[in-house]
Amino acid sequence: MDQSNYSSLHGFILLGFSNHPKMEMILSGVVAIFYLITLVGNTAIILASLLDSQLHTPMYFFLRNLSFLDLCFTTSIIPQMLVNLWGPDKTISYVGCIIQLYVYMWLGSVECLLLAVMSYDRFTAICKPLHYFVVMNPHLCLKMIIMIWSISLANSVVLCTLTLNLPTCGNNILDHFLCELPALVKIACVDTTTVEMSVFALGIIIVLTPLILILISYGYIAKAVLRTKSKASQRKAMNTCGSHLTVVSMFYGTIIYMYLQPGNRASKDQGKFLTLFYTVITPSLNPLIYTLRNKDMKDALKKLMRFHHKSTKIKRNCKS
């Protein structure tokens, strides 16, 4: 049998944390809890911002998109991850691995670009408040979202296709708990310099360029906030922007460390825990970060809870 086709016939073995079975049991519980928090928190943000007409603004339009993205991102990874952590079966089919890799890279790229667009939205709202709704009109917001998803899809197709075309010479064991690009590059039996440099180059475009734009936007925002005499306005701007900067720091920090190192020098276990952080923990914290100091979102969530309570009460009365 041609060894280069072995993986396509038999799939991949995901080692995960199989060297630490007790850790796997603990991690499976932790991951399941964070996944539940992600599902509940992000779904609540989407519903609350849709039901409250006061939140039908560009800022919350992008926040809904981020919440939807986090739901998709985690769902593309965590169910399979839990199967890997819980049971003895550590395999994933070749087709399953391909789908996971393409979707994972696509959605990860979308988040990088979406965070940059959200910073531009805050820049426009704070630095050009009189022109905010003219500049950030619904048509432009929709075009931005379509462009983000399209560019990210192209990035995913290029990187994943390059990686999957690398021959593995029969090696189908991935020292990871998901089909991640660095793990697949490591099992190749040929020189991977071209692929690694492609990842690095596209990483600069998809990761570093948006990050630079975010930092520039917040430089102007900080300047505008310091000029504002109203303490209440300063506090509101700092709360909103502080939430976004926290999310940016958590997400970009791990992504840069993982993908923008030529040769990917992160150790095996270090790489796994970093992946756990930005695929499991960060999406679950986003709803908390964005609502903790946001009075409008808190009020919208209270309305959603009252609406749910009333609808439940009506259903009970109808049944009785």
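For all residues, glycine too, the Cβ spot is worked out from N, Cα and C.
Because the structure is a prediction, the values reported are computed rather than measured.
Look at the topological domains in Swiss-Prot: Met25 and Thr193 end up on the same side of the membrane. Tertiary proximity for the transmembrane segment (140-158) is limited to same-chain residues at least six positions away from its ends with a CB under 8 Å from its CB atoms, namely 58, 61-62, 65, 102-103, 105-107, 109-110, 112-114, 117, 198, 202, 205-206.
Across the topological domain 'Cytoplasmic' (50-57), DSSP assigns 5 helix, 0 strand, 3 coil. Cys189 (disulfide bond) falls outside any helix or strand according to DSSP and counts as coil. Contact counts against the transmembrane segment (101-120), taken as Cβ pairs under 8 Å, peak for 58-79 among the stretches 58-79, 196-219, 237-259, 273-292. Counting only same-chain residues six or more apart in sequence, the Cβ atoms lying under 8 angstroms from the Cβ of Cys97 (disulfide bond) belong to Gly11, Phe12, Cys179. Using a 10 Å Cβ-Cβ cutoff, Cys189 (disulfide bond) registers 13 neighbours.
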